[in-house]
Amino acid sequence: MKITVIGAGAVGATAADNITRRELAEEVILLDIKEGVAEGKAQDIAQTAALLGFDTKITGVTNDYEKTAGSSVAVITSGIPRKPGMTREELIGTNANIVKSVAKNLLSYSPDIIILVVSNPMDTMTYLTLKATGLPKNRVIGMGGALDSSRFKYQISQHTGASPADLNAIVIGGHGDTTMIPLIKHATWNSLPVSQFLSASQQEKVIADTMVGGATLTKLIGTSAWYAPGAAIAAMVESIVRNQQKLFTASVYLDGEYEQNDITLGVPIIIGKNGVEKILTLKLDEEDKAKFSQSAEAVRSMNNVLTESNII
Ligand SMILES: NC(=O)c1ccc[n+]([C@@H]2O[C@H](COP(=O)([O-])OP(=O)(O)OC[C@H]3O[C@@H](n4cnc5c(N)ncnc54)[C@H](O)[C@@H]3O)[C@@H](O)[C@H]2O)c1
Ligand SMILES: O=C(O)C[C@H](O)C(=O)O
């Protein structure tokens, strides 16, 4: 089994490190366009093998897609991250063409590939990857909800003292500062409703802090976060390569589900060896239905930029 990570920057290298040390593949290829970056970071990761005890082989390459041939899974992290004060959506002008060319290059060497899209604006980059490659809709998955849901659990744990591992909480909708929807009404602490342990104002703060979780870290660090994104990517990759049939929220193509068509948006799915094994229908109340529809409209307007600029 071969897994390719495109982009050896903060997120890509962290994801490759997680994937390698957890032995999710026999071989990992880390590819970047910048000369030497992937080669250096791959060697650095390989030099942890004696200490961490893994046998996965990791190789860094500079823009050599031949080495990615036969990949079962690829993760696209190539493109620029936002700076403090920017929205993810502002990255589309630079990242769209990068993601389009990367996705097509991957497919030309790995016809059976499942692609995990990470680059931002992620929902639109996922839609672009699907359209540019013509892959079946179950084989293109956008990573955002897994990260946002983990941040949601972090925020709940900060207020309740709960172990994050004891929390069930999901975020649906777009992976945007104003488009994501943390579903607090559905959140539980080992089957107990979280709302029993949080006041109304605390619930509002948990939701608000989750929505800007990425921007908060970008303001502190000066660039995008990478540890939690890298871990979220590895968790989704593991569910694919080990056919774990785990539930994540992720950006996938909707063909009538949630009353949406021709869009990729964050919904609860089951991830296994076929990529998207199943889209789960969640009963949303009128308030959350309205939020989901608004989120879809915001993402659709970003997707329209792709057609207006003839990228797809
Ligand atoms: N979906 C999510 O939850 C999530 C989380 C974190 C970051 N991101 C996004 O992921 C992307 C990467 O973030 P980062 O912090 O790793 O950025 P980074 O700048 O550290 O790394 C990006 C890497 O992509 C490389 N690159 C650029 N064009 C390329 C091409 N054509 N082919 C191959 N490599 C290319 C660059 O050389 C760089 O090394 C950004 O768009 C960021 O917004 C998304
Ligand atoms: O917020 C960002 O700019 C990066 C990423 O989408 C994140 O949520 O960490």
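The backbone N, Cα and C atoms fix where each Cβ goes, glycine too.
Those TrEMBL annotations? Automatic predictions, nothing curated.
Among the candidates Asn95, Asn97, Asn138, Asn168, the residue that TrEMBL annotates alongside Gly7, Ala8, Gly9, Ala10, Val11, Gly12, Asp32, Val118, Ser119, Asn120 as binding NAD(+) is Asn95. Close contacts with ligand 2, defined as a Cβ under 6 Å from any of its atoms, occur at Arg82, Asn120 among the binding-site residues Asp32, Arg82, Val118, Asn120, Arg151. With a cut-off of 8 Å between CB atoms and residues at least 6 apart in sequence, the same chain places Gly7, Val11, Gly12, Ala15, Val75, Ile76, Thr77, Gly142, Met143, Pro229, Ile233 near Val118 (NAD(+) binding site), listed in sequence order. The DSSP breakdown of the domain 'Lactate/malate dehydrogenase N-terminal' (1-142), given as helix, strand and coil counts, is 67 helix, 28 strand, 47 coil. In the three-state DSSP assignment, the secondary structure recorded for Arg151 (substrate binding site) is helix.
Contact annotation for binding-site residues (Gly9, Asp32, Val118, Asn120, Arg151) versus ligand 1: Gly9, Asp32, Val118, Asn120, each with CB under 6 Å from a ligand atom. His175 (active site, proton acceptor) sits 9 Å from Arg88 (substrate binding site), taking the Cα positions as reference.
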